[in-house]
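Engineer: Annotation source Swiss-Prot lists active site, tele-phosphohistidine intermediate at His9, citing sequence analysis. Positions annotated as active site, proton donor/acceptor by Swiss-Prot, on the basis of sequence analysis: Glu87. Marked as substrate binding site by Swiss-Prot on the basis of sequence analysis: 8-15, 21-22, Arg60, 87-90, Lys98, 114-115, 158-159. Here Swiss-Prot flags His157 as site 'Transition state stabilizer', drawing on sequence analysis.
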Amino acid sequence: MSTLVIVRHGQSEGNARGEFTGTSDVPLTQEGWSESRRAGSLLANLGISFDIAFSSALLRTVDTCRAILNETNGDLLEPIRRTELNERDYGQLTGINKNVARERWGQDVVQVWRRSYSTPPPGGESIRDISARVLPFLISEVFPPLLRGKSVLVVAHGNTIRSLKQGIERLTIQDTLAIESPTAAPTVYRIASDLSIIEKTNVLVGTVC
């Protein structure tokens, strides 16, 4: 049996401002740091440490990953940064407050851009585009160590986590779109040798934003 833990980054400054943060490389807030350390402490209390850890290339996931690893592994492991895990490119929505975007383009239009599978915001990515880069990463980089019985940590973003869970849990598109990931809230999977899920546990730490 192996262990896979997937965590969204702690609260970022973009989250705190209510923005479509996307590919903007914003730091964690103090609350985000606290959430991340708390997530690591909860995982350590479950007896979990990691053999390999991945983050996106964006600072908010790198710092969240380091804060978690400091609790579970000390300073013995450094996250591997992968651009495949980067947050969705929101195109023209990037950096805009969500309420301002709804006023500018209309709530229904913005909701389609956010939650349809194949319609991207202007100049940005759809969730289908994200799955096209995340699922190959999952197969080539995450599944092999799990098959060797290793413990793997992945710290990513709300939209890339949708695609990760789509692949791990074999979800339908509808179920994939329904996923909401609170900040710094680990999902712990116990994985069998055939990559089926033995047990799944959600550990609530942060908030959905």
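Cβ coordinates are placed from backbone N, Cα and C, and glycine is handled just like the others.
Small disclaimer: the values here were computed from a predicted structure and weren't measured.
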Engineer: Using C-alpha atoms only, work out the spacing between Arg88 (substrate binding site) and His9 (active site, tele-phosphohistidine intermediate) and round it to an integer in Å.
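Structural biologist: Rounded to the nearest whole number, the Cα-Cα distance is 14 Å.
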Engineer: Quick check for you: of the recorded positions His9, Glu87, His157, which have their Cα within 10 Å of the Cα of Gly22 (substrate binding site)?
Structural biologist: Glu87, His157
Engineer: Express the distance between the Cα positions of Lys98 (substrate binding site) and His157 (site 'Transition state stabilizer') as a whole number of Å.
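Structural biologist: Checking the Cα atoms of Lys98 (substrate binding site) and His157 (site 'Transition state stabilizer') gives a distance of 17 Å.
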Engineer: Return the residue, from the listed binding-site residues Arg8, Gly14, Gly22, Lys98, with the maximum count of other C-beta atoms within 10 angstroms of its C-beta.
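Structural biologist: Of the binding-site residues Arg8, Gly14, Gly22, Lys98, the most buried by Cβ count within 10 Å is Arg8.
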Engineer: Specify the secondary structure state of Gly158 (substrate binding site) as given by DSSP, simplified to three classes.
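Structural biologist: For Gly158 (substrate binding site) - judged by DSSP and reduced to three states - the answer is helix.
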Engineer: Cα within 10 Å of His157 (site 'Transition state stabilizer') is the criterion; apply it to the recorded positions Gln11, Gly14, Glu87 and give the hits in sequence order.
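Structural biologist: If one measures from the Cα of His157 (site 'Transition state stabilizer'), the recorded positions that come within 10 Å are Glu87.
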Engineer: Measuring Cα to Cα, how many angstrom lie between Gly14 (substrate binding site) and the residue listed as 'active site, proton donor/acceptor'?
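Structural biologist: Cα-Cα, rounded: 12 Å.
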Engineer: Work through the recorded positions one by one (Glu87, His157, Gly158) and point out the residue whose CB has the fewest other CB atoms within 10 angstroms.
Structural biologist: Gly158
Engineer: Quiz question: given the recorded positions His9, Arg88, which has the greatest number of C-beta atoms lying within 10 angstroms of its own C-beta?
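Structural biologist: In terms of Cβ crowding, the pick is His9.
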Engineer: Rounded to the nearest angstrom, how far is the Cα of the residue listed as 'active site, proton donor/acceptor' from the Cα of Gly158 (substrate binding site)?
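Structural biologist: With the alpha carbons as reference points, the distance is 7 Å.
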